[in-house]
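My questions all concern the structure below.
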Amino acid sequence: MRNTVFLLGFWSVYCYFPAGSITTLRPQGSLRDEHHKPTGVPATARPSVAFNIRTSKDPEQEGCNLSLGDSKLLENCGFNMTAKTFFIIHGWTMSGMFESWLHKLVSALQMREKDANVVVVDWLPLAHQLYTDAVNNTRVVGQRVAGMLDWLQEKEEFSLGNVHLIGYSLGAHVAGYAGNFVKGTVGRITGLDPAGPMFEGVDINRRLSPDDADFVDVLHTYTLSFGLSIGIRMPVGHIDIYPNGGDFQPGCGFNDVIGSFAYGTISEMVKCEHERAVHLFVDSLVNQDKPSFAFQCTDSSRFKRGICLSCRKNRCNNIGYNAKKMRKKRNSKMYLETRAGMPFKVYHYQLKVHMFSYNNSGDTQPTLYITLYGSNADSQNLPLEIVEKIELNATNTFLVYTEEDLGDLLKMRLTWEGVAHSWYNLWNEFRNYLSQPSNPSRELYIRRIRVKSGETQRKVTFCTQDPTKSSISPGQELWFHKCQDGWKMKNKTSPFVNLA
């Protein structure tokens, strides 16, 4: 029942409040009246917005609540005026309690920045309501955060440039409001899969936007499913990063949607996708030796074709906490692939394959696999995903990635497993059979494969092991070894040395 309510809650928001139609359900008044109070709240209820500085790594310890205007309490809570200050802002909640991710994020920040102030913005009373009411409460919570920051700025050694607001889901838009209302400019805002319903397509003053901080970076992990976007799809920062295309995250079980409905685990799947942004950020804090990198690209389709693995002119960047400031007039959309769990880092490769003399192929597309052999390890049999039709007598580009660092590539094996079994290809196979009942053999000629590593930017050319044999048919394989043809083999220093 809970799973059904979870999905229907989001679905109703999406249906009744389409992009650009955010509605204020009550007249705006003073800060005291502006937020939407749940009914039956006693006079001694907890404050609607609390600022809790975490001084212990023990998640069971509640920390110390700051009070605006109380300088003595600020000192007693151990607030460090000269250190970095993180404000963690949660999102909408069904349980009325903190999720486990918050304690992991607090711990990771404390481990990485030992002298920093880590403040949890607790607005659970205003978030544990109908989604539409919680959305309308984001503004007042943002104003409260801005008020706290304005008061801190009155302290001599406090700098707004040292402030980093980290908001998850609705919390990302709270951070946006805070950055908009504060007197001055916040150093950085990170949006972790900002909420989509009632924010998609609205004016920049009513959602997170690049104007809200000196640097705004965003991770999008659940942008579209069943026609519903729980996370916002549109870019809202200086850099917007879409891991795995920004939709289906590995390890979240989306390949078994019917089973998720049948066994009542659909809400866990949705939570996994949406919350992945938080875990990617935590990963960037705790696994400094395995940073993940993203690459600028116009859309997910082009990235999956392997076209966008360039680091020229700041076209690549770290993700999460290690992201480097990029101030451009235009937003940068960036993409990467990840593993199913920590550490999330993978190694991207662009393959340029020139295919020609594809005899009697019709419209059937081959099912090709590549195995990479390196100085450190060998890859699995990796599929060459055909995003669009293979072009004959032309160079086709593919993206593959490995979960291990293979080191220097030494050789590779290309395998043709047969015809891809989609309904489209089965129909074309039948059509080809009718027009060519003799079913002549299919051959694909490939003389060389050019490979570029996204992480190191090195380019290497591989030629067929036997120069007299460059054809491949279903059920066959071709071996390729390093050669000097095409790209020159270079040992350049990775541009990411300066990013890590």
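Every residue gets a Cβ built from N, Cα and C, even glycine.
Keep in mind that TrEMBL annotations are predicted by a computer and have not been checked by a curator.
Look at TrEMBL and you will find S169 tagged as active site, nucleophile. Under the heading active site, charge relay system, TrEMBL lists D193, H274. The Ca(2+) binding site feature in TrEMBL is assigned to R207, D212. Residues or ranges marked as domain 'PLAT' in TrEMBL: 347-482. TrEMBL lists 1-15 with the feature signal peptide.
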Enter the number of other CB atoms within 10 angstroms of the CB of D193 (active site, charge relay system).
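I count 28 other Cβ atoms within 10 Å of it.
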Cα within 10 Å of D212 (Ca(2+) binding site) is the criterion; apply it to the active-site residues S169, D193, H274 and give the hits in sequence order.
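Of everything listed, nothing lies within 10 Å of D212 (Ca(2+) binding site) (Cα to Cα).
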List the Cα distance (Å, whole number) between R207 (Ca(2+) binding site) and S169 (active site, nucleophile).
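It is 11 Å, counting Cα to Cα.
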At the Cα level, what's the spacing in Å between S169 (active site, nucleophile) and D193 (active site, charge relay system), rounded?
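Per the Cα atoms, S169 (active site, nucleophile) and D193 (active site, charge relay system) stand 5 Å apart.
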Compute the C-alpha separation of D193 (active site, charge relay system) from H274 (active site, charge relay system), stating it in Å without decimals.
6
Mind giving me a neighbour count for H274 (active site, charge relay system)? Other Cβ atoms within 10 Å of its Cβ, every protein chain shown.
25
Just how many other Cβ atoms lie inside 10 Å of the Cβ on S169 (active site, nucleophile)?
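Excluding its own Cβ, S169 (active site, nucleophile) sees 28 Cβ atoms within 10 Å.
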Compute the average pLDDT of the predicted model within the domain 'PLAT' (347-482).
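Within the domain 'PLAT' (347-482), the model's average pLDDT equals 83.
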